[in-house]
């Protein structure tokens with residue numbers, strides 16, 4: 001913003017690239033956790049090394065003068081340390097969700113966390129929710145509900161509405177004599193054919 005002209009095409013392209021890269025990273029992270037024998041803790045340490053390197057480069061690029069004058073941990077209050085520990089704990093939870101569930105559930109959990117944070121902000125800080133956010137939150141909740149349903153039950157019709165296949169009526173078996181063995185299923189299926197042959201012979205004679 002800042003009074004400058006906005007480029008919606010560039011913004012849309014940036015959002016699409018961000019979605020694709022985030023989805024690819026999530027699927028690749030799930031493949032690493034589920035396709036190898038390493039533990040979740042080892043994988044988090046490996047990913048933390050890359051994050052620390054990128055953060056260090058950003059620190060040298062932007063805030064090196066401030067760090068050199070005031071130190072690396074300047075203005076680290078207990079609240080800041082609480083945020084750091086919370087982020088670290090959240091990263092471990094994300095890794096556990098991806099390992100024992102899947103990346104789709106992780107995306108749903110992230111979306112629901114945004115909704116919960118917004119609801120908390122409305123009560124704690126007086127945040128105003130616009131209709132667009134309410135629509136997005138309702139879509140997220142509906143998607144989570146549909147995904148949690150058993151496979152094939154989301155749009156399946158009730159059993160009473162299913163069509164029952166029609167079958168030809170079977171002829172009643174002839175009464176058996178006392179002490180006779182009951183007819184087998186194969187013989188009961190052959191009885192209508194035998195009766196038809198017998199009636200045709202009687203008509204011919």
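Just so it is clear, glycine is given a Cβ too, placed from its N, Cα and C backbone atoms.
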- Do you know which of 128-166, 167-205 TrEMBL annotates as region 'Disordered'? 167-205
- Would you kindly list the residues that approach the transmembrane segment (41-61) from elsewhere in its chain, counting only those six or more residues past its ends and only Cβ-Cβ distances under 8 Å? 29, 32-33, 67, 91-92, 95
